[in-house]
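> Let me begin by handing over the structure; questions about it come next.
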Amino acid sequence: MDLRQFLMCLSLCTAFALSKPTEKKDRVHHEPQLSDKVHNDAQNFDYDHDAFLGAEEAKSFGQLTPEESKEKLGMIVDKIDTDKDGFVTEGELKSRIKHAQKKYIYDNVENQWQEFDMNQDGLISWDEYRNVTYGTYLDDPDPDDGFNYKPIMVRDERRFKMADQDGDLIATKEEFTAFLHPEEYDYMKDIVLQETMEDIDQNADGFIDLEEYIGDMYSHDGNADEPQWVKTEREQFVEFRDKNRDGKMDKEETKDWILPSDYDHAEAEARHLVYESDQDKDGKLTKEEIVDKYDLFVGSQATDFGEALVRHDEF
């Protein structure tokens, strides 16, 4: 399926989805959870393992002996200590946890990288991305299906330029990640806001009124009554979204809606790990302090064996 067919299919699917009276579109960007486990260190350290390693890598540590687990953890600590001062700070731990938290994003970028890096130089230029994505349209700007791809391409180019911090129109892997997942980067949040405003602000007055807000997430189906969640969203708009009560959301109000300041779970977990492992209470961790508490950070066959006994007893 070429790009035109894909986008037309996507448009039809979107239209079909929006026609369902009870289906809701959610534009709010939330941080992914650190783990789906309960955080209860009195029972086990599964939550901490997922937060520190990521859920998939945490499973692999359950197959290691304690000695193997400690050795592998030591190698991870060397990578976390980015300034190579022999200590792991709360900030360095937070960065590690954030990376594990967003592993699915990095995996998504890796899966797409080879498709766009046409000359295999480890970078993706705007020309490479445009040619792969819009090559068919560039060859035939007036397609038979009548679909106009130019606005989409212009929007992509604007976002690419925003992600490209040094302005050379060539994206590193980190810049390409920011292009594909702008909501994850502080310096890209303005473009997320701009694109959202363009999508919802139908009369282009620079604001989102109540009907535009509801219309973006709900398509009214003839004479059918509005579902309860739509009535709730109307109340949310009046009571919470429209903070200055002028009947519409400006850019700041819209930004607060789609990019809320969530509780920072990664920071809280980093603080917890330091508190539990910092034997000399100097506010930072040595490699030895971390490895001594390997069961908290990563676990092993031994720690999982204890949990397995509990699970066996439950059966």
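Here the Cβ of each residue, glycine as well, is placed from N, Cα and C on the backbone.
Quick paste of what Swiss-Prot says about this protein:
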type: MOD_RES; residues: TYR47; note: phosphotyrosine
type: MOD_RES; residues: THR65; note: phosphothreonine
type: MOD_RES; residues: SER69; note: phosphoserine
type: BINDING; residues: ASP117, ASN119, ASP121, GLU128; note: Ca(2+) 2 binding site
type: BINDING; residues: ASP164, ASP166, ASP168, GLU175; note: Ca(2+) 3 binding site
type: DOMAIN; residues: 229-264; note: domain 'EF-hand 5'
type: MOD_RES; residues: THR254; note: phosphothreonine
type: MOD_RES; residues: SER261; note: phosphoserine
type: MOD_RES; residues: SER277; note: phosphoserine
> So if I draw a 10 Å sphere around the Cβ of ASP117 (Ca(2+) 2 binding site), how many other Cβ atoms end up inside it?
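I get 19 for this one.
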> Using C-alpha atoms, which one of the recorded positions THR65, ASP164, GLU175, SER261 comes nearest to ASP117 (Ca(2+) 2 binding site)?
GLU175
> Determine the minimum-neighbour residue: among THR65, SER69, THR254, listed as modified residues, which Cβ has the fewest other Cβ atoms within 10 angstroms?
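Comparing Cβ neighbour counts within 10 Å for the modified residues THR65, SER69, THR254 gives THR65.
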> Pop the mean pLDDT for the domain 'EF-hand 5' (229-264) in here, whole number is fine.
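A mean pLDDT of 94 is what the model gives the domain 'EF-hand 5' (229-264).
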> Please list, in sequence order, the residues in the chain of TYR47 (phosphotyrosine) that are at least six apart in sequence and whose C-beta is under 8 Å away from its C-beta.
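Same-chain residues close to TYR47 (phosphotyrosine) (Cβ under 8 Å, separated by 6 or more) are LEU34, SER35, LYS37, VAL38, HIS39, ASN40, ASP41.
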> Sequence gap of 6 or more, Cβ distance under 8 Å: name the residues on the same chain that satisfy this around GLU128 (Ca(2+) 2 binding site), in order along the sequence.
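Expected: PHE116, ASP117, MET118, ASN119.
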> If I take the Cα of SER277 (phosphoserine) as reference, which of the recorded positions SER69, ASP121, ASP164, ASP166 has the closest Cα?
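Result for SER277 (phosphoserine): the nearest of the recorded positions is SER69.
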